[in-house]
Amino acid sequence: MSQNSNPAVVLEKVGDIAIEQRPIPTIKDPHYVKLAIKATGICGSDIHYYRSGGIGKYILKAPMVLGHESSGQVVEVGDAVTRVKVGDRVAIEPGVPSRYSDETKEGSYNLCPHMAFAATPPIDGTLVKYYLSPEDFLVKLPEGVSYEEGACVEPLSVGVHSNKLAGVRFGTKVVVFGAGPVGLLTGAVARAFGATDVIFVDVFDNKLQRAKDFGATNTFNSSQFSTDKAQDLADGVQKLLGGNHADVVFECSGADVCIDAAVKTTKVGGTMVQVGMGKNYTNFPIAEVSGKEMKLIGCFRYSFGDYRDAVNLVATGKVNVKPLITHKFKFEDAAKAYDYNIAHGGEVVKTIIFGPE
């Protein structure tokens, strides 16, 4: 494709993805960088927008460029940029907060109410040839870390953030409900942080098999457990811990039965982190939360240092993200990539769309 073109993968409306030309962005802020996008992962949120046009309060009202799990190469820098140079390969943190909100100043910029997050309406995403980013939301990819691995840094950063929230350390016994990309990476980070037991729970055997590449010490298939069988599910998981409860439980599925079972699986004084986004409302045993004096923590994306730490985990070999990638598509086949993800949800873990040539 021409250097003078800027093709973008655009969600025109629900169920309609097209490649269209967008203006090549120009640097107006001296701290910004122009990037050539090289690889982008498909996230579940992209699929939600494609199928239903919205997630919670974020509703698609106009065509929007998709994608937020990306890596790229620096092709131009603003006059004040000092952190990167032309030619650097980088992972791109896709959410830029207000520099002035209380949340940002308090150190939790991921909670900033004015966050501009890629591919969250009305903000355009990263599935485009050229993209602008502030320099301080880029992390250099060390030699030996591929663009494909760089695109996986975004979901890996969620795993880093959730493990920090939970305080996972050497000897921690962990259970992960949901073996999708975020669940797998959350478990892998737990092992990297020193967890001695990491049990994955999911309804798909192929995903549980893949969990062995992400630090699983054991797995449990939960497909036979309906919403009213949460205690039975928890009992089955606890058998794999020698009948004991877990120190830390990460709920990464958002499924009602798993949320209930996660509470029941957490030990007295233990910690449960709700990572998965499920329904707006769910039923769970709140009396048990109080009676155990357990910590129930919400987790939203990632914050300061998480992207940097995620890149370091990949670069040092402590987390291998390569087994996460199950499918790859050319840029011009992006619509096919999304349709394939929907049609083969139980088979697909992470799909990478390469940048335009």
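Cβ from N, Cα, C; glycine included.
Listed features, source Swiss-Prot:
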BINDING   CYS43, HIS68, GLU69  Zn(2+) binding site
BINDING   TYR49, GLU154, ARG301, TYR302  substrate binding site
BINDING   ASP202, LYS207, VAL275, GLY276, MET277, CYS299, PHE300, ARG301  NAD(+) binding site
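When the alpha carbons of GLY276 (NAD(+) binding site) and ARG301 (substrate binding site) are compared, the span between them is 10 angstrom.
Annotated pair ARG301 (substrate binding site) and MET277 (NAD(+) binding site), C-alpha to C-alpha distance, rounded: 11 Å.
Looking only at the binding-site residues CYS43, TYR49, HIS68, GLU69, TYR302, the one with its C-alpha closest to ASP202 (NAD(+) binding site) is CYS43. Of all the binding-site residues listed here (TYR49, PHE300, TYR302), it is PHE300 whose C-beta has the fewest other C-beta atoms within 10 angstroms. In sequence order, THR40, GLY41, ILE42, SER45, ASP46, GLY67, SER70, PRO94, ALA118, ALA119, GLY125, THR126, GLU154, PRO155 are the residues of the same chain, not among CYS43, HIS68, GLU69, whose CB sits within 8 A of the CB centroid for the Zn(2+) site. Following the DSSP three-state reduction, the secondary structure of TYR49 (substrate binding site) is helix.
Residues TYR49, GLU154, ARG301, TYR302 are listed as the substrate binders, and the farthest two of them sit 21 Å apart at their Cα atoms. Here TYR49 (substrate binding site) is compared against the binding-site residues CYS43, HIS68, GLU69, PHE300, and the shortest C-alpha distance is to CYS43. A 10 Å radius around the C-alpha of HIS68 (Zn(2+) binding site) takes in these binding-site residues out of GLU154, LYS207, TYR302, in sequence order: GLU154.
According to its DSSP assignment, CYS43 (Zn(2+) binding site) is coil.
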